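> Below is a structure I'd like to ask you about.
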Amino acid sequence: MFTGDVSADDDDNRQAYIVYLGALPENGYSAPSQHINMLQELVGSNSNLLIRSYSRSFNGFAAYLSLAESKILERMKKEVVSVFPSRTYELDTTRSWDFVGLGERAKRDNVKESDVIIGVFDSGIWPESESFHDQGFGPPPQRWKGSCKGGRNFTCNNKLIGARFYPKNSVSARDDDGHGTHTASTAAGNAVQAASFYGLAQGTARGGAPSARVAAYKVCLKDIGCKDVDILAAYDDAIADGVDVISISISREASNILSNSHAIGSFHAMSRGVVTVGSAGNYGPDQGTVANAFPWMITVAASATDRRFVDRVVLGNGKDLTGLSVNPVNFNGTKFPIVYGQNVSRTCPALQASYCVKDCVDKDLVKGKIVLCDEFLANKEAYRAGAVGSIVLDTFTRDVSLVLPFPVSSLSLEDYESVKSYVKSAENPQAEILRSEEIIDKEAPYVPSFSSRGPSFIIKNLLKPDVSAPGLEILAAYSPEASPSDNPGDKRSVKFSVMSGTSMACPHVAGVAAYVKSFHPDWSHSAIKSAIMTTATSMMNVMKNPDQEFAYGSGNINPTNATDPGLVYELELQDYLKMLCAEGFDTQLLTKISGQKNITCSERTEVKDLNYPTMTTFTTALKPFNVTFTRTVTNVGLPNSTFKASVVPLRPEIQISVEPEVLTFGLLKEKKTFVVTISGKGLKDGSVVSSSLVWSDGSHSVRSPIVAYSINPFG
C-alpha cells in the first residue's frame, strides 16, 4: 500500500497535516477505522499521531506527519485526494499579511527588527494611535540621528522615534487626512486586537514589521497635495537621520529623471544603502502609466487579497442585487422609496438631472428617500441633498469598494438598468441597502484596474512595476480627525478605516523590506530588492490581467521566502552610473549627481544588461529579434550548492537559452555570471510574451521574469 522509506528522525519533524479522502463511502464503512489503519501502516502503532477523523459529512483525517510521510500519502492517488499542512488562522484580521503568508506566528527576530527604521513620507501620522504605542520597546537605535520635530501637541516615543513636517502653513506632523497613519501602520504598526471599521473586517490589525521603528515625514497637506520641494527636503533629512527603508506612497505622471524629486531623492538614498519603496500610481488600466519607474526604487502595484466587501440592494419586488461599497449602516429591514435623479430636480435639464449633477438634486424631493443616479460620483450630491442613500451606476470604481459618507451601492450596468426598469414600472418603488458584507474572492491574487501598468515611459527595457502587494480594501489605522469618506460633511471619527490604492500596496513592501533586513542587517538595498522580487509568487490571475508582468511585475510578494532567496542580483552605484552613461548622461553631469570622481563613461551598460532581477526587451513588431542579457548572481544560500536553470513556461513565440545551465558555488557570497539569449521571428503589434528563468538547487527557486514586448510607449 505504501511506497517509500520513513525515517525515525521524522518523529522530531512532524506537524499537523490534513489528509483529505473525498466523500463518505456507502453504508457499512467505518471511516475512523480506515484512518487508523492507514496511519498504522505508515508509521506503526503510534496512535497519538491521529488528531481527528472527519467522518460525518466527508472523509478524511488530521494527523501529525513528517514531510516525507505526507509525500507518501500524497502518492496514494487511489485513496487520497490531497495532503496539506494545517495552517493556523486567527479571527479575520487586516487579512493582507495573512494572505501573503506573513502570519502573526511567522518567524521573527524582534530584537533585530527593532533596529530597523522605516521612514514614511506622507500626510503625517496620528501619534496617539495604538498602532504606535511603545510598550515593550527600548530606546531608539544608537545610530538614529533624527529628531522629534512634530510641532504643536506632538510627542514621539520609542516606537514613533521621529517626526518632521514640511508643507507651508502646516503647524504639526499630525495627520488630518488619514492617509499617512494608514500607510505607516501597514508597514510597521503594532498588533492591535479587535480592530475594525464599525465591525467590518474585524480582527488584529498589524504591520509587516511590527517591531520596527517609525519616523514620520509629513510632505503632503490635505486637499493641496505633495510638493517636490517638501519631498526632497524629506529625502534630505531621512537619509541623514539614518532610516533604513523609505516608504513613499506618492506618485505623478512620468517625467524626466532629473526633474523628478522621487528619482533624485531615491538615487541618493540608494547611494547610502537605503531601500526606497514607491507606489506605481493609480492611473490604470492603461498601459505605460506606471510611475516611480526608476531602477534604484522598488515600484509596487496593488493586488487583491481573498477578502472583498460588497453591498447588496434588495428591491421591493424581492430582487437582490450585489454592488460595491464599504457601508457599515444597517437599515434593519426597512425599505425606503427610490426616486430617479431626473424626477428630483426642479432646475436642471433631464440629462444633467439623471446624472445628479451638482446642485441638481432638490432637498425637499429626496428626504427619506434613496436616489438613483447615472454616475458614481453623484453619490456626493445625493448625500449633500439629504437622501438616506443612493444607488449609482459604477462608472468609476470598477472593482473596488470605497468608504462613502452614507449607504450607497454601486452597481454594474446590467444590474443598474434593472433597478431603473423597476423604478419606472412599479407604482411604489422601494429598496433596502444592506450593510456591507465580507466575501471570499476566489479570483485573487490579481491586480485591480486602478493600478498603473507598464511599460515604462522613462526607461526602455526595464520591467516596471517590480512586484505587486495587497492594496485593495485594506484595513489599517486612521486619523480620528479625518473623514473616513473624505467628505467634509461626514463627521464620523474612526481609529481604523478601509482604503484602496497602490498607496496601500507600497507600505506592504516597505514592511517586507524591513522584515528581510532584520534577518540580514548587512544586505545591500539591491540584495533586499532582489530577494523580494525573485521569491514573489507567479500564481497571478492572467485572465483578469492579460497585460501580465506589466500589471504585477515579478508577482505577488512572499515575505517569508524573501528572507532566504538562495541567490541575489546585486547592483552598486557604479552599475547605475554605467547605465546612465548608456542612456545619454554625460560624465560631467554624472560626476555632479554621484560625487564620484574619474567617471569616464568608457564602460556603458545598456538597460537590458543592468544586473536587474528581471529581463525585458522591446522589439519592433513583426521583425525578427535576437537579444542577450548578461547577469551575475551572488550566493546567499548554502556554501556548497549547485543551481540548475529551467525556463517555464515555454512559449512558441520566443526561444530562450541559458549559458551555462548549471551554476556551482563553493562559498557564500561567491558570484557567477550567465547569459540569457532570447530570439523570435517577430511579435504581433502591441503584444507581450513572457516566461521565466528559474535557478533551483532543490531548496530555493530563484525566479526572474523574461518579457518581450512590442508595445511602444515612445511612439
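Every residue number used here counts from 1 along the chain in the order it is shown.
Even glycines carry a Cβ here, placed using N, Cα and C.
So TrEMBL lists the following for this protein:
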type     : residues : note
ACT_SITE : ASP122   : active site, charge relay system
ACT_SITE : HIS179   : active site, charge relay system
ACT_SITE : SER503   : active site, charge relay system
DOMAIN   : 17-91    : domain 'Inhibitor I9'
DOMAIN   : 114-553  : domain 'Peptidase S8/S53'
DOMAIN   : 609-707  : domain 'Subtilisin-like protease fibronectin type-III'
> Along the domain 'Peptidase S8/S53' (114-553), what average pLDDT does this model show?
94
> Please list, for the domain 'Subtilisin-like protease fibronectin type-III' (609-707), how many residues fall into helix, strand and coil according to DSSP.
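For the domain 'Subtilisin-like protease fibronectin type-III' (609-707), the helix, strand and coil counts are 1 helix, 58 strand, 40 coil.
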> What does DSSP give as the helix, strand and coil breakdown of the domain 'Inhibitor I9' (17-91)?
24 helix, 22 strand, 29 coil
> State the count of C-beta atoms found within 10 angstroms of the C-beta of HIS179 (active site, charge relay system), not counting that atom itself.
23
> Just to confirm: which same-chain residues, 6+ apart in sequence, have a Cβ under 8 Å from the Cβ of SER503 (active site, charge relay system)?
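When sequence neighbours closer than 6 are ignored, SER503 (active site, charge relay system) has HIS179, HIS182, THR183, SER249, ILE250, SER279, ASN282, GLY471 within Cβ distance under 8 Å.
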> Are there any residues in the same chain, six or more apart in sequence, whose C-beta is under 8 angstroms from the C-beta of ASP122 (active site, charge relay system), and if so which?
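In sequence order, the residues whose Cβ lies under 8 Å from that of ASP122 (active site, charge relay system) (at least 6 apart) are ASP175, HIS179, GLY180, THR183, ALA184, ALA216, TYR217, LYS218, VAL219, CYS220, SER247, ILE248, SER249, ILE250.
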